[in-house]
Amino acid sequence: MASISAISSRPHVFTLAWPLLIELSLAVAIGVAGTAMAARVSDTAGAAFAVTIQISQTLFLLFRIIGSGIGVVITQNLGGGRRDVADRVALAMVGASTWLGAAAAGLAFAGAAALLRALHAPDAVLPLAVPMLQVLAPALLFDAWNASMAGVMRAHLRMRDSLLVLAAMHATHLLLAFPLMYGWGPLPALGLPGYALALLLSRALGLSLHLMFWRRGLGIRPRWGDWWRLRRGPLADVLHIGIPAAAEMIAWRLSFMASMAVAGSMGERALATMAYVQQIGGVVIMCSMAVALAVEILVGHLIGAGQLRDAHGLVRASLARGLAISGVISACLALAGPWLLGWFTKDPDIVREGAVLLWLMVALEVGRTFNLVVINALRAAGDVRYPVVAGAASMAAVLAGGSWLLGVHFGLGLMGLWIAYAADEWIRGLLMWRRWAVQAWVPHARAARRRLRLQ
């Protein structure tokens, strides 16, 4: 019953959000550092780094099939006082992560060149990007395990333990990346594959730390069979949430990759500019995601406890604060745009175009916050199909189609892509908000509550 008492003295959204924000900040910092290290080699290496990371992130979406459902199912069970069911779900997800991670790793290794060509990666980029993606492939298996285990820890409100794991993992990655990329003593300079090897080793460390915190903090000890066995009951509950949520994310990623293909057709300079602006914009995205994840966790607990009115008020208050925060931060980054872009490149054309994109980013990131917070709240309430149905058309027509129409047909270049991104986020955000405001999610929340009582 500890979970019920925890909900009665519910932590504030931003109490949970700050450790999540630090986690995401570390991930973004590593991404920025990786881009900067690649850019030190050349702008071609920077472009190769960007397109390779996009592919690995796309393959990571396979894990979202279960990752999106783990947190919701476990928080609802904890909120309803069913710790035993929550633990069964956690162990079942270890085996599911093994199979999904192995599939993603195999696809990345065997299909590296084909995946890069599908993104229209320039010929000059391929010799650098292919070996990096192949070395990254085994790390995807560790990423699958780490993502599932971290999701379970967050659902139990163990944010600080999760933060410690991420801090150790990213620090190790950075410390290893420098000597492996540039060489040190007897170590040869491996370039981009060295960055990927450092990532692989750091993910292995992360898995060992997650296992330690599972044992000590949660009392969960995976057995040998848990690492490969698929358990139908718990997996069905997770997939009920995870498949629609993953479909929405996959639809977005495919649409975004289509826009990246448009950028790739503009040449190496456009890809490099896109990579640098996205790394800077990641600062705003991580703030939005931290608030959205905290909202999802708390709403899941509240739905499990049957406190629907409190969940509604929580979302409204958190959304207002999140919009203000993202607007202020993105405007500050735009003001500092030329200076920030100077960290990555000395090319005046890249700096000039990137500075314009950072101002367009203000509208983009406020819309993204709108979208993320409300979609995560709908997911936590069990309303997962509407975001897919309502959002897919916008992603295909506005994000992907608009990128080509504005960027190529009307000749706006990268500026056209950023306008399409902002329009897509605002359209979907307003649709999601209408769904929440009219309380169309309430029947789904009540159905989730009934399922808990039957378990």
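The backbone N, Cα and C atoms fix where each Cβ goes, and this holds for glycine too.
Remote same-chain partners of the transmembrane segment (12-39), defined as residues 6 or more beyond its termini with a Cβ less than 8 Å from a stretch Cβ, comprise 45-46, 48-50, 53, 154, 157, 159-160, 162-163, 166-167, 170, 173-174, 177-178, 181, 192, 195, 272, 275-276, 279-280, 282-283, 285-287, 289-291, 293-295, 297-298, 314, 317-318, 321, 343-345. Annotation comment: TrEMBL describes 12-39 (among others) as transmembrane segment.
Taken from TrEMBL, the feature transmembrane segment covers 90-118 (among others).
Per TrEMBL, the feature transmembrane segment maps to 124-142 (among others). Panel annotation: around the transmembrane segment (124-142), residues 44-45, 47-49, 51-52, 55-56, 59-60, 98, 101-102, 104-106, 108-109, 112-113, 115-117, 191-193, 195-197, 199-200, 203-204, 206-207, 268, 271 of the same chain, lying at least six beyond its termini, place a Cβ under 8 Å from a Cβ of the stretch.
For the transmembrane segment (163-182), the residues of the chain that approach it from at least six positions outside its boundaries are 19, 22-23, 26-27, 29-30, 33-34, 37, 146, 150, 189-192, 194-195, 197-199, 201-203, 205-206, 209-210, 213, judged by C-beta separation under 8 angstroms. The transmembrane segment feature in TrEMBL is assigned to 163-182 (among others).
With a threshold of 8 Å between CB atoms, the same-chain residues lying at least 6 positions outside the transmembrane segment (194-214) that come near it are 34, 37-38, 49, 90, 132-133, 135-136, 138-139, 142-143, 145-146, 149-150, 152-153, 158, 161-162, 164-166, 168-170, 172-174, 176-177, 179-182, 220-222. Residues or ranges marked as transmembrane segment by TrEMBL: 194-214 (among others).
Beyond the transmembrane segment (276-303), the same-chain residues lying 6 or more positions past its ends with a Cβ under 8 Å from any Cβ of the stretch are 3, 6-7, 10-11, 13-14, 16-18, 20-21, 23-25, 27-28, 31-32, 35, 39, 46, 50, 71-72, 74-76, 78-79, 154-155, 157, 310-311, 314-315, 318, 321-322, 325-326, 329-330, 333, 337, 340-341, 344-345, 350, 354, 357-358, 361, 364-365, 368-369, 372-373, 375-377, 379-382, 414, 445, 448-449. Look at TrEMBL and you will find 276-303 (among others) tagged as transmembrane segment.
Annotated transmembrane segment per TrEMBL: 323-344 (among others), in sequence order.
Positions annotated as transmembrane segment by TrEMBL: 356-374 (among others).
Proximity of distant same-chain residues to the transmembrane segment (323-344), defined by a Cβ-Cβ separation under 8 Å and at least 6 residues beyond the stretch ends, is recorded for 35-36, 39, 46, 276-277, 279-281, 283-284, 287-288, 291, 350-351, 354-355, 358-359, 361-362, 364-366, 368-370. Beyond its flanks by at least six residues, the transmembrane segment (356-374) meets 273, 277, 280-281, 284-285, 287-289, 291-292, 295, 315, 318-319, 322-323, 325-327, 329-331, 333-334, 337, 340-341, 414-415, 418-419, 421-422, 425-426, 428-430, 432-433, 435-436 of its own chain at Cβ-Cβ distances under 8 Å.
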